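Copied over from Swiss-Prot:
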| type | residues | note |
| --- | --- | --- |
| BINDING | His2 | Ni(2+) binding site |
| BINDING | Cys73, Cys76, Cys89, Cys92 | Zn(2+) binding site |
Amino acid sequence: MHELSLAGGILQLLEDAARRERFARVTLLRLEAGKLCGVEVRALRFALEAIASGTCLEGACIEIEEPEGQAWCLQCNAAVALAERGAPCSGCGGYRLQPTAGTELRVMDMLVEDHWCPE
């Protein structure tokens, strides 16, 4: 389950930002996990909630958007929607596809409380 490792990386980014920007906690975290990025969104949410205790993420609302996959078909030279990796081109049925969208995993934005108390 690589989602736990990804959640740890996201939490580290948030903790680093909290120290640097001097905010106390995240109240809303918005992520984007494209349909082609290879992340199970429910598992990522579970992992984030599981490791949030005692951190700036504890109690935060976590929203994860899942943009659709898009690809360029090298056989029929067309942009096509792609529901999952390994799916054929919806136009020609070919498999020579270059993903162009839906592969991202990123922090979109966050809402924070700025009651900073240095340790």
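Backbone N, Cα and C atoms are what each Cβ position is placed from, and that goes for glycine too.
The structure displayed is predicted, hence computed values, not measured ones.
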**Report entry** Among Cys76, Cys89, which are binding-site residues, the residue with the most C-beta atoms within 10 angstroms of its C-beta
**Finding:** Cys89
Query raised in the report: Including all protein chains shown, what's the count of other C-beta atoms within 10 A of the C-beta of Cys92 (Zn(2+) binding site)?
Result: 14
Report task. For the recorded Zn(2+) site, enumerate neighbouring residues of the same chain (Cβ within 8 Å of the Cβ centroid of Cys73, Cys76, Cys89, Cys92, site residues themselves excluded), in sequence order. Result -> Leu74, Gln75, Asn77, Ala78, Val80, Ser90, Gly91, Gly93, Gly94, Arg96, Leu97
Report task. Can you figure out which of Cys76, Cys89, Cys92 (the binding-site residues) comes closest in space to His2 (Ni(2+) binding site), comparing Cα atoms? Result -> Cys89
Report task. Have a look around His2 (Ni(2+) binding site) and count the other CB atoms within 10 A of its CB, chains all included. Result -> 12
